[in-house]
Structure formats: structure tokens, C-alpha cells
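Annotation source TrEMBL lists domain 'Tudor' at 4-62. Under the heading region 'Disordered', TrEMBL lists 53-110. Residues or ranges marked as compositional bias 'Low complexity' by TrEMBL: 66-75. Per TrEMBL, the feature compositional bias 'Basic and acidic residues' maps to 99-110. TrEMBL lists 211-230, 250-273, 294-313, 325-344, 455-475, 481-500, 521-542, 562-581 with the feature transmembrane segment.
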Amino acid sequence: MPNRRFADGEVLMGRWPGSVLYYEVQVTSYDDVSHLYTVKYKDGTELALKESDIRSQSSFKHRKSQSSSSSPSRRSTSRSRSRSPGRPAKGRRRSSSQSREHKDDKKKTIQETNLALLVLGFLFKPSENNTRRYNGEPDSTEGNDTSCIILEQKLKPDLETEHVLEHYSLRPRKEEKKKEEIYSEKKVFESIKTIEKASSKTKELEFGGRMGTFMLMFFLPATVFYLLLMCKQEDPSLMNFPPPLPALESLWEARVFGVFLLWFFLQALFYLLPIGKVVEGLPLSNGRKLQYRINGFYAFILTAAAIGTLLYFQFELHYLYDHFMQFAVSAAAFSMGLSIYLYIRSLKAPEEELAPGGNSGYFVYDFFTGHELNPRIGSFDLKYFCELRPGLIGWVVINLAMLLAEMKIHNQSMPSLSMILVNSFQLLYVVDALWNEEAILTTMDITHDGFGFMLAFGDLVWVPFVYSLQAFYLVGHPTAISWPIAAAITILNCIGYYVFRSANSQKNNFRRNPADPKLAYLKFIPTATGKGLLVTGWWGFVRHPNYLGDIIMALAWSLPCGFNHILPYFYVIYFICLLVHREARDEHHCKQKYGLAWERYCQRVPYRIFPYIY
């Protein structure tokens, strides 16, 4: 096992990943397995570096002094050689010509180095708003001067030699020099462009990488169809696997696909209506802010009016229940076609418009996670539209269709109490999301994830057809519950909703105006990014109280289905797994972004989602 070179607490110079710049760092720990040093920058950012990327501060000073001491000797040598009296005139002319050519080469090298230094300094200049691939770059301005030491050491001897040769140079060849300067600038900028393109690639792959995302593209649709088929069975027990498969030709119907397209484009029309306010999203990597029209709640009202009109004219809405599997297949086919279109158009998108998490260079992974961050057709934002409109509003319409189907199949004049609870709880959740539509602009779905198969399938298939699983289950498996039990379940859902909404409101209000007198009771830990980490209120109770509220509500949605089968509780199990995955991703992201401040926060708030448990 190799010996460790640097000790904990030692102050050194560490190279910033993806650049040639060195900053002052302090060693905090060493991993004997990976042989990586964990170093801390001045702003609190911690990164793992190889030993070859760390140098002592004394080595920088030694090189600088060595360069200065060697310059006079080279100057005197050059002077003595050029003035040698014993050398013939021809040789002296040849020497002058060679010196001139050598001087031109030196000038070109110096120009390239100067230009590279300026551009690299711009690309990798640490700033508070710089959120490139490495989150939390050092904010110290002192690091900028120190980081250029190596380039200055390489540059200084050439500058001194250039000063000597210039004394004996002949008339400068202006045209040739101009061509050389243009060529050198072009070559340097091409190199910088290549470096920037390579540094923007996605380094850390999620969901099991290429193989995991490839399997998920088959596993997710199979899971949806399995759940729907099981709900159709008289005994939806997990022991009855596999369920009887329908004929393939029965899964597709052109009329159903036409109804789905009509629904999708109707929601697109509502999205384009000039109603509702227009707000700006978070700054992109190039500093630009996109504009979004906030009219999701208005679209919901218009949809409710359209559905009410159809019911008034005796339209059989339970048609959705009778062709539920065909609608799921149509939605899956449409989401796949949309994903193919999104990936093809992303190949022509500029580098700065690609998603930070979907730019790996691997086709399958980028196709799944989404290659382009904000694909737009004019002002029509495809990802933002699909996040809340067709799937989320469609979820409420499907629940209503299941309620009407239950009444018709079981000859009831009123829906069951269980169905009323499921419809009411989930309607509240959807209305809340649409009423607070602006809050989605700060989520990772909008700011980080690209729009690919994952979000397209999730928004158009998973949300409307899996989230409505409880209502679909109750149609074929009615469950009677008493009023006291219904009251207890309602109280549980209200508790979950209160935790969810108050935690999100507390966070959003603090982000907008930390100096609000109404928030004076909140305490926070300051970070190097200028943001604060709340340590009181809901966010001082657990790190992700909004996730806790989500899980409590999901449990309340499933309890009206009883305990005869575990199938209605699939949503709870899925939701817990999803939120644990998101929580792990948030933990990793926050640790990179906030550094030591996040460690202090984790010590102050030890529980992640479940108090005293996890």
C-alpha cells in the first residue's frame, strides 16, 4: 500500500477539476482504498482529488525564484553569442535571421498562452452564481491570483528572452505576423471550446447507468400494464401471477388514440390562452431567464366546464373505464413518439441548452433522462406543459370516470364513501399543485432534468394511470367503511396536507424574502452561496418535511381500499422508494453545493424524512 504524502490539516495548492487552475486547499481526510484526498477550499467546498492534483505551496515559490535567477544568465549568453567578434558576417546575418524566426515563434507561443490564460480565467472564474458542472466553486478572489502561478512561471522566461531578441530583430513582417496571430487565436479558441464541451459532460450516471435506463424503458410500461391487469381480476392477489394477458389486437383502438390526441391538444390550447400572469424562471447556465405563463388553474376550470358540458349532454364518461387499458397503451405510444422527437431535436441544440443530467454522450442514457433541458416550439415549453396539464388534470378526470363507472356497474344512486374519499383527497392535491404552479419552476424537474422518456412517460402515463390506481381498484372491488373510520382517514390526510403545504410555503417564502419580518422567528445557517439553510420550523424537524407530508397523504389515499389486498398500497410503496431516491440525490447535490455548511445542518437536523427513524 503506497504511503500517504500529505497530512490532515496541511494547507496546499489543489487543482480545480476540469481546469489548469490551482487554489489554496486544506486536507481534511484520506481514503486508503481509492487513494483520494478530501480537500476543503476557502469557501467550504469539499472535493476528492488525486495526489497528482495536489502540490505544496513551497514548490510554487521555488519555481518562481528559479525562473527569475535563470533569466539573467540566458540574457548574458544571448548577448555574448550575438556579439562574438570572431564570427563572420554571413554567420551573423544567419544568426539574425534565425533569431528573428525564433522570436516570431516565441511571440506566437506567448500570444497563445496569454489568450488561453484569459479565456480559461473567464471559463473557470469562481463566482457566486456560477453553477457549472462542479457545484460550489471557490468564491475567494485570492484564489484567482494564486491559480495562475504555474502559467506565469512558464511564461516569464519566454518574456525575458523575447525582450532580448527584440533588440536585434529586423523589420517585422506585418502580414505574416497578422496571419500567425489570427491562426493562433483560432487554434486557441477551438481548444477552449473542446475543453468546455468536455467539461460539460454528465459524469455521474443515475438509475444504474446505461444498462439501468435501458431496462427501465421496458420495466416501467410493463409495471403499469401489470397493475391495470391485476385490478381487473376478481382476486387481485400477488399470488395470481401472471394475470391472464389480453389479445394484442384488443390493446389498440384508433378511436381511443384519437380521443387521447384530442385531450392533449385541448390542454395545449388552454396553455396558449393569454390569461394568467407571466413569470421568469431561474437563471440558466448562460444567465438567460425563460418566461412562463402561469394559467394551470384556469386550464383546470375550463376543463371542468368542458366535462360538465359533456355530462349535461349525456356523454358516457365511464367510456374511460371500459377502455382504460387502450388509453394507457395510447398514452405510452404517444410518449415514446414524443421522446424520439425530443431526442432528435436535441442533437441540434446548442451546448448551453443541454440538460446537466442528460449530457453523458451515451444514446440510451440521454434518451431516457432527456438531452435538452427546456425544449420549446416558439414560446411553447414542452416540458413545463407536460408537467402539470395533460397528466395531472387527466388524473382528476379519470377518478371522476371511475366514480361514475362504480355507480353504473353496481346500480348505486350515490358513490361509495371510499370512492368519495379517494376522489376528494386526490382532487385537493391536484388543485393545490395548480394553484401553486409557480413553485414548480424551482424543482429539479425544471432546473436540472432534461425532457426525455423518463419525464414524458412519467407525466403522460405514470401519473394519470398509476396515481388513479385506488379509484380503479374500488370499481371492481368495492370496500365499505364506517363513518368513524372515514373521519380518522380524513384527519390523517389533513395532517399530511398541512405538513406538505406549510413546509413548502415556509421554504418558498424564505427563498423569496429572507428579511421578511414575518419570518424573523426562523433561524438558519449561512452558506458560501449566499443562501441560508433553515434549522427551525419544519426544516429543523426533518431535512425533507415536504416528503413526509407526501407519504402521509399517500397512505390516506390507500386506506379507503381496505386491507384485503396489497395492490392499492403499491402507490405508498412506490412513493416511499421514489422519495428516498430523491432524498439521496438531494443529499449529494446539497453536500457538493454547500460544503461544510451542509455538514453543520446535518448535525443540527439528523433525521432525513421520518423523525426518530430515518
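From the backbone N, Cα and C atoms, a Cβ is placed for every residue, glycine too.
Three or more CB pairs closer than 8 A are found between the transmembrane segment (294-313) and the transmembrane segment (250-273), so contact between the two stretches is assigned (pairs 6 or more residues apart).
Here the listed stretches are 250-273, 325-344, 521-542, and the one with the most C-beta pairs under 8 angstroms to the transmembrane segment (211-230) is 325-344. Taken residue by residue, the domain 'Tudor' (4-62) breaks down under DSSP into 9 helix, 27 strand, 23 coil. Per-residue confidence over the domain 'Tudor' (4-62) averages out at a pLDDT of 81.
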